[in-house]
Structure formats: structure tokens, C-alpha cells
């Protein structure tokens with residue numbers, strides 16, 4: 001069986017049965033006009049694709065930063081409260097889990113759950129890790145790095161999520 005593989009630049013919209021946001025995390029938040037009529041963009045040009053109106057950090061996608069002095073993870077969890085979130089460090093990984101039971105929203109009843117796992121750099125000071133949730137729903141997990149390549153120590157422990165009253169200062173990409 002021959003399968004044709006196309007470069008993404010030459011991909012055309014596949015019609016209303018294959019919406020372009022199939023794997024995005026906007027479940028239960030309504031649709032944009034181009035979600036309902038994706039074939040219109042391909043009639044203009046096969047290479048044209050409308051951009052999303054939301055920023056990367058507003059779409060549930062995380063941002064990981066690691067520089068000389070610290071390691072930081074930004075994650076949009078606006079649908080979860082601190083009580084719904086669990087943050088654990090196991091060995092070289094941080095695991096962030098969020099779950100809330102079924103509740104009513106504007107569109108009916110909904111329940112949400114996610115699980116993210118990130119590898120920590122070996123020189124992160126695991127005893128000084130912190131996690132906070134801003135007023136606009138941005139989870140910030142951070143920890144300082146140790147100097148001169150010292151190993152940060154490995155153990156399993158839970159990191160409490162504290163609530164901040166101000167919106168996040170995370171830059172939108």
C-alpha cells in the first residue's frame with residue numbers, strides 16, 4: 001500500500017471533518033468562525049492558514065525556561081483551583097496533576113483532568129523548589145540552580161501550591 005506523505009507547507013485544509021484544532025486544549029470553550037468553515041482558507045490559497053487568536057500560554061501549553069540561575073515552568077491551569085492541583089517531585093522529574101469533578105459551566109457539565117511530567121536539570125536545588133498559582137490561573141513552578149554542577153539531591157516529596165492575588169507576569173509568546 002502506497003502512502004503519500006506531504007510536507008506541511010503543502011497541506012490543504014481537510015474540510016469540516018478534520019478541524020485544525022483537533023488536539024488543542026479548548027474543550028468546552030466554544031468555537032471560532034474558522035473552526036466551522038475551515039475550507040474557506042484553502043479556497044483563498046492552499047498555503048494560507050488563519051492564526052489562532054490566543055497566545056501560546058493562554059492555550060494550555062506550558063513554557064519551560066532554564067537559564068544559568070534558575071529553572072521555571074509556566075503552565076496555564078485557569079480551570080483548576082489550588083485544591084485541584086497536585087505537584088510532586090520524584091527523582092529527576094516534577095509531576096503536575098490537575099483534576100476536578102464534574103461541575104456546571106456555561107455549556108453544560110464538564111470535568112477536567114491533566115497530567116504533565118517534566119525532567120528537572122540535575123543541578124536544581126530540590127530543597128528550594130516552589131509552586132504558585134496566580135489570580136489569572138498561571139501555575140509557576142520554579143527552583144534555583146546550584147553552582148559548579150553540584151547534584152541537587154533526589155527524593156520524592158510534594159510541593160504545596162500557594163495562591164497569589166496578582167495576575168501572572170509570564171510573558172505571552
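Using N, Cα and C of the backbone, Cβ positions are placed for all residues, glycine too.
Taken verbatim from Swiss-Prot:
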type	residues	note
MOD_RES	1	N-acetylmethionine
MOD_RES	6	deamidated glutamine
MOD_RES	45	phosphoserine
MOD_RES	50	deamidated glutamine
DOMAIN	52-162	domain 'sHSP'
MOD_RES	70	N6-acetyllysine
MOD_RES	90	deamidated glutamine
MOD_RES	99	N6-acetyllysine
MOD_RES	101	deamidated asparagine
BINDING	107	Zn(2+) 2 binding site
MOD_RES	122	phosphoserine
MOD_RES	123	deamidated asparagine
MOD_RES	147	deamidated glutamine
BINDING	154	Zn(2+) 3 binding site
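Using a 10 Å Cβ-Cβ cutoff, residue 123 (deamidated asparagine) registers 16 neighbours.
Separating the Cα atoms of residue 70 (N6-acetyllysine) and residue 147 (deamidated glutamine) is a whole-number distance of 10 Å. Ranked by how many other Cβ atoms sit within 10 Å of their Cβ, the recorded positions 70, 99, 107 place 107 at the bottom. Residue 147 (deamidated glutamine) is surrounded by 10 other CB atoms, counting those within 10 A of its CB over all protein chains shown.
When the modified residues 90, 99, 123 are compared by Cα distance to residue 147 (deamidated glutamine), the shortest distance belongs to 123.
All chains included, 13 other C-beta atoms sit within 10 angstroms of the C-beta of residue 90 (deamidated glutamine).
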